[in-house]
Amino acid sequence: MNPQAKLIFISSLLLGTTIVISSNHWITAWAGLEINTLAILPLISKSHHPRAIEAATKYFLTQATASALLLFSSMTNAWHTGQWDITQMTHPTSCLILTSALAMKLGLVPFHFWFPEVLQGSPLITGLLLSTAMKLPPITLLYMTAQSLNPTVLTGMAILSAALGGWMGLNQTQVRKILAFSSISHLGWMAIILVYNPKLTLLNFYLYTLMTTAIFLTLNSTNTTKLSTLMTSWTKAPALSAMLMLTLLSLAGLPPLTGFLPKWLIIQELTKQEMTPAATIIALLSLLGLFFYLRLAYCATITLPPHSTNHMKQWHTNKPIPSSIAILTVLSTTLLPLSPMISPTI
């Protein structure tokens, strides 16, 4: 892709996200979301492969539907209350439609079907943007309207997301699809705590972004998209594969790694809110995710594939690990001791 064109698209992404985050009026938030959608489409379809074009089309249709629903919910609210302010979303029907629209934007169950397909058809770096940067504007809108949303609906969606994200990821062999289902199950953790403690949702999102960025950049540097390729990447970059294993275990939420911090705080908050059954269910459902993370970690650090593969072995290279990956992987594995500093502010 032309560097000037890429610069324009990345700038538009930043502009759209900034508009959404800083807006008070529903129309400006909607405009920001539309700028974001239009800026990411060329990045999804830049390879001109039929699968990439299909992914871009699916993404466009779902995001356009979600934007229309968002506009409809804000208009309904304005019709009943005379308010266009984002924080003044008080009409129950509008809140329900808004929850559906933002769930569709994010890929929460039951509006999750587009996300694995789109991620599978995108390049790894675009997949990283879809999993992290493109989720920030809808999560910001959820954060701003958290007090108006229906806790029962959000809890139901969250538990279903954690369940389906775990179950559907078990059988996958494509790394991008596994990471898509991982994203869906993490969104479940963010949604379940949103009404009770929105700051925890943001903390979970920031740490998820940190760990996912480390994983996507590592996969991009070893050029890995399938489990079979991941099995032979050890010979190419042993240190990177070992760090990838730790980052994957951190994303699974194993103590004493960074990923355990948001899960620990969310379960603690749910217990305080007398939602122990929901906390127990979502904690048990995260074991499903742990299984496929362990599978990925096993494939990343195994020295020899267990069967004869049809592709060439990777050559060992002495290329230095990029400093960005090194910093991100260290942060993805060592931030748990900071929890006493974070707890009082939440």
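Count begins at 1; order follows the chain as displayed.
Every residue, even glycine, has its Cβ placed from backbone N, Cα and C.
Straight from TrEMBL, the features:
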TRANSMEM  5-21  transmembrane segment
DOMAIN    23-287  domain 'NADH:quinone oxidoreductase/Mrp antiporter transmembrane'
TRANSMEM  56-76  transmembrane segment
TRANSMEM  96-115  transmembrane segment
TRANSMEM  152-171  transmembrane segment
TRANSMEM  178-196  transmembrane segment
TRANSMEM  202-219  transmembrane segment
TRANSMEM  240-261  transmembrane segment
TRANSMEM  281-304  transmembrane segment
DOMAIN    290-342  domain 'NADH dehydrogenase subunit 2 C-terminal'
TRANSMEM  325-343  transmembrane segment
Stretch of maximal Cβ-Cβ contact with the transmembrane segment (152-171) [cut-off: under 8 Å; candidates 96-115, 178-196, 240-261]: 178-196
Intrachain neighbours beyond the transmembrane segment (96-115), with Cβ under 8 angstroms and 6 or more residues off its ends: 33, 58-59, 61-63, 65-67, 69-70, 72-74, 76, 89, 130, 135, 137-139, 141-142, 145, 149-150, 153-154, 157-158, 160-161, 163-165, 180, 183-184, 187-188, 191
Averaged pLDDT, computed only over the residues in the domain 'NADH dehydrogenase subunit 2 C-terminal' (290-342): 78
Contact check, the transmembrane segment (325-343) vs the transmembrane segment (240-261), 3+ Cβ pairs under 8 Å, seq sep 6+: yes
Among the ranges 56-76, 178-196, 240-261, 281-304, the one whose Cβ pairs under 8 Å to the transmembrane segment (202-219) are most numerous: 240-261
Other parts of the chain folded back onto the transmembrane segment (281-304), taken as Cβ under 8 Å at six or more residues beyond its ends: 158-159, 162-163, 165-167, 169-170, 172, 175, 178, 181-182, 185, 188-189, 192, 227, 230-231, 233-235, 241-242, 244-245, 248-249, 251-254, 263, 267, 270
